[in-house]
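Taken from Swiss-Prot, the feature signal peptide applies to 1-17. Residues or ranges marked as disulfide bond by Swiss-Prot on the basis of experimental evidence: 34-70, 350-369, 385-397, 435-449, 439-445, 534-572, 557-577. The transmembrane segment feature in Swiss-Prot is assigned to 113-120, 127-132, 235-244, 248-256, 656-676. As annotated by Swiss-Prot, N-linked glycosylation site applies to 185, 269, 375. Per Swiss-Prot, region 'P2' is recorded for 413-656, and the stated evidence type is similarity to another entry.
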């Protein structure tokens, strides 16, 4: 019997250990098992992962990969997951090409061309924040150069995912967290979690990967070389090819070391050169093409990628345990988060290097290259605030209010009109002691105190003042840049204002630098072209609109001005306009990463959704009260659930329940009263019985009294 119990316990422990292992550990076990059995390497170039299409960076694993069947590529060279299939290249696919890239706007990635060229609303900024692109753009602009690129590419496999692939456990868990927030109407928290999902898994999922290796040389030449050269573009690309062949030893029979006049001129005009080995053995000077190609076998990498947007994989087939309508809401929430990521990293401006309005940081052209600047008067900013909740010790508006220095009040000076830029809610958590009396049976009372966390809220409204009529010269404020807790002032390269300027508070943490000293402050003054936000446009774009503030205005800058991001305030971007050519120096900005939405300080109360009905296919889902899992409901269960929801079942309504509670309390009070009364009456009867018993023996009582009296009189 003991042996039987021991066996049962052993198998239970083994089953628990097996079920308790994370999926990642199970994959490691499967990989090692296959490597031991087949004595083959594992193919590491795999699709099914997340991809950031702005930065060209691999992200977290979206699709689950397992190695239970120990599958191999068709040529038997590598172990591959069960959910992957490969298309081997039966013949050696060695490609060599040379190209001229005259502008960074036409740049194409060497390793993610296919996924970057997808057609979408934001495809123009795909790859614009990759290290490869930013290096090339910086060199082209700073050196006034063009780029030539020569590359040798060797494609070995095309690796694709199986359409029946399942989501990874980590990605699936994050989707379930978002769905849980959505079903409980916690939209703000769901938005925040969706933005975290984009941060961890990117914007796309790779569905196909080209595995191989590439050897690339990029040369940057003075732009004047191509313009002044009497030869054709083909001659320049040929010179680039010769330079590459001198770097990599091709060992051709024909001697390419002899340089003609054009090749020598090419080399003399080269301002920068880089050779990059992607896959294969590491590059070193003098390496032969044959040696590099032979080292590819065990050093495969991705040399191109294809994929689909992240939300495409959030569908009922991938999440069969959730109701269809809820899955669609999750997919839409994630899609919106991806669009917001693209929007906040789109920098409109003039992209023509030859234009005086050129904006180095712009990655999309907005047609502002031809505009001429107009001087505008800046009437200042101010911010109103109204406290909505909180006690007297938590005064939020003291650090949110800002008066206009030109008026000393929350207003604009004469000749200026206010532009309501944005209204938002500011939240701060605070703790306070909350005490109340707690009584039992209305008799036993005590004071109970507890430390309670609550949220104080205040609404702030930001305004800036635009000239609505002719105003006297030097009547407004000088603008000296701005900064926040996460950005610096381009005028000072620090979180500060120039000399002679003072900061005005706007939003929660933006500081706008202004000056009223036209004599000393003009040295650092910057021509200002207005503000605009995600909700309100810039009335200075059209002078006629600035006179009629009731008319809608465009969310852009007037001619001759370039836009720059001021800050992202709780998911809303606020931009400002300055004279083109200013604030565009230095290095290119990195990608602004999510989340952009603040999470709520306190979780909203759950509505405890228990049933979801899909009107399209008349299917209803019920949430199990024990397991909290969704499942398709049976007709009987649906009727029972609806009865509970609408109060038609056997349960009591709120009023009935209250009546029963009052009745039970009354009966209990009566019983307690009767018990107290009965106890007192019983004690009274017992006392009378003793008196009657004492009266039957009077001598005893008299003797006692006499003795007491005698004892009291004897001393006298």
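These residue numbers are counts, starting from 1, taken along the chain as shown.
Placed from the backbone N, Cα and C atoms, the Cβ positions cover glycine too.
Owing to the predicted nature of the structure, the values given are computational and were not obtained by experimental measurement.
Feature map: Swiss-Prot annotations on the structure.
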residue : record                      : DSSP (3 states)
70      : disulfide bond              : coil
185     : N-linked glycosylation site : coil
269     : N-linked glycosylation site : coil
350     : disulfide bond              : strand
369     : disulfide bond              : coil
439     : disulfide bond              : strand
445     : disulfide bond              : strand
534     : disulfide bond              : coil
557     : disulfide bond              : coil
577     : disulfide bond              : strand
Exercise. Going by C-alpha distance, which of the recorded positions 185, 445, 534 is nearest to residue 350 (disulfide bond)?
Worked result: 534
Exercise. If one measures from the C-alpha of residue 449 (disulfide bond) to the C-alpha of residue 385 (disulfide bond), what distance in angstrom results, rounded to a whole number?
Worked result: 33
Problem set entry | Candidates 435, 449, 572, 577: member of the disulfide-bonded residues with the richest Cβ shell (10 Å) | 577
Exercise. Which has the fewest other CB atoms in a 10 Å radius around its CB: 385, 439, the listed disulfide-bonded residues?
Worked result: 439
Problem set entry | Per-region confidence, the region 'P2' (413-656) (mean pLDDT, whole number) | 81
For this session: Find the one among the recorded positions 185, 375, 577 whose C-alpha lies closest to that of residue 369 (disulfide bond).
Result: 577
Seminar exercise, completed: Nearest to residue 375 (N-linked glycosylation site) by C-alpha distance, among the recorded positions 70, 269, 572, is 572
Seminar exercise, completed: Among the recorded positions listed as 269, 397, 445, 557, 577, the Cα nearest the Cα of residue 435 (disulfide bond) belongs to 445
Exercise. What's the most sparsely packed of the glycosylation sites 185, 269, 375, counting other C-beta atoms within 10 A?
Worked result: 375
